[in-house]
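Lifted from TrEMBL, the feature list:
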type: SIGNAL; residues: 1-20; note: signal peptide
type: DOMAIN; residues: 402-535; note: domain 'DUF7619'
type: DOMAIN; residues: 552-611; note: domain 'Secretion system C-terminal sorting'
Amino acid sequence: MKTKLLFSGFIMLLVINTFKAQTPPNGFFDNINQSWSVTGNVSLNSETSMAGLFYLLNTSNVDATFTVKSDVFTLLSTEVYNYTMEYTHTYFDVLMGEWDAPPLISANLKDEDGNIVKNLDLDCLGGRCRETDIILVNTSGSYYIEYSGVLGVLAGQPISEENFWFENLWITKNSTVNTLSGKVSYNTNADNCASSTIYLSNIFLKSTLNPSGKTYYAKTDNNGNYFFAFNELESVDTKMQSNSLFSTPVNYANIFSAYQSTTNQNFCVSSSISGYDLNVYIIPISDARPGFNTYYKIIYSNLGNTTISGSLDVSFENSKVNFLNANPTQDSQSTNSLTWNYTNLQPFESRQIYVDFNINTPPTVNNGENLAFTAVVNPISGDANPTNNTFTLNQTTIGSYDPNDAAILQGPYITASQATEDLYFRLRFQNTGKASAININVETVLDSHIDISTFQPLYASHDFSTSISNGNQVNFNFDNINLADSTTDEPNSHGWVLYKAKPLSSFTTGDIIEAKASIFFDYNLPIVTNTASTQIETTMNILDADYSGLYIYPNPVKNQIHLKGKSINQTKYFVSDLLGKPIKSGYVFNNEIDVQDLSHGFYVLKISNRKPIKFLKIN
């Protein structure tokens, strides 16, 4: 909903399907009819406000904090509740378009006396958000939810509208048979968290069931809370997923022998890494089509035990893509790089950056070409593990639009050294139906060349849970996602999940790792994605009869391809992209082929009428 208003500091609060008191709540709630209260250093625009719609104005020259308070409703101590809130906070400029604005400051469940019972999860960084959490109360009674945020000052900025609206709220009964929950705290004072008030977010825990062998994964929210839901009556062993964490207790064992069991266990953790350990990912959240915009999320974090400040650099091929914007805004930029400075990155803290590019049109960029992006988080010197300070994304451009796909972020070819490291897999989906999707299940089978013990879910567009059954069948469950359909709300109809795993030590040249997924939207038949693949590309020592006695190296190549074993000077060669489009041709000179003019990416080399050979050009 956009109304081109030129207020200085304008905010819209739209609350749809919110609630009046119910006993107990179990689903959508009634329209509020202005029964919620709004307070703060703001004014209500009575001319445009109506039932279920609040317009707030900030005409001062300072940021204004506001509070939105719900009606009172009833919760029972005998129930577990699923909480979901959808809201949007965006800036809109007539010339520059729309971009994300900051998220809510807090969301608290309070009792009728105003005491905070639970800090509700706020994972979103702004823009279009969907927050979920689990609610358990010790005492049956009356409760309400209180949200707080900031209405910014927009005077003097090229912003014509600031929108902030709540869209949907659910509180539903959780029918799970057994639960395990708790908090993960940081051992700041080496006293087993006796005095710690720091709770860690984005920490994965792993629960293994016996005798079935099924594995569940849970991630802590912004307040350090984790939650497991089990449908089995088995023994469960729970511990930290990451080997870089020491925890007390090391693990928690429990036997669920009766249904509706609720168990609590807190963990106190410290890093096994002395100093700082920075890492970074680049995640493509859209496909890459020549002539269209493409979007990326960059996530960087500190896995060590020391606070660190530094910078993050992202380089891109400016001959292929044009930088559009970033959130947060970059601190500096050049023709082919962007830099952000960061301060006080705490142990176990993660931060995110959104970056948008436009891909050049054909013939500058064609289908099948490689787009290379590299992120480096600094400082590298002194880092406990400098190998994960750099991440390179290789993304192949496509012609047709397919919103449900699988990708291996290292690209279709990897080096022998990369085969000993984590591979990153991204599965993407879109609801192209005519109604919202309440639940989405993404199923994938880990390739036989993957070391299953190294599997780890990382991030997703929405809250999710993960489980592994039958040895290598992975399920990413997006319960109560309520994903919008593309006809009604195209920008919010997309989702994705990122995970990593290492190849087995036996993975070698000639082996191929594949990844695809089946995506279930509610009770519909699955949509099956493409099959992404990668394999080791080593030196081009060709054993085929076409190349008998001839050795071609190196691979990857920077400037020249060398040919050794016999002279083939003046022999015609051809270089094409992975789809067969001719890139260059010429004649071998001094047993070398000059490729320094090629952009970073994968190519195919053909010498005379011999069989084609794939190679990687690096800068």
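Including glycine, each Cβ sits where the backbone N, Cα and C put it.
Any TrEMBL annotation is an automated prediction that lacks curation.
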How does the domain 'DUF7619' (402-535) divide up by DSSP, counting helix, then strand, then coil residues? 6 helix, 68 strand, 60 coil
Per-residue pLDDT averaged over the domain 'Secretion system C-terminal sorting' (552-611), given as an integer: 81
Secondary structure content of the domain 'Secretion system C-terminal sorting' (552-611), with strand meaning DSSP E or B: 0 helix, 30 strand, 30 coil
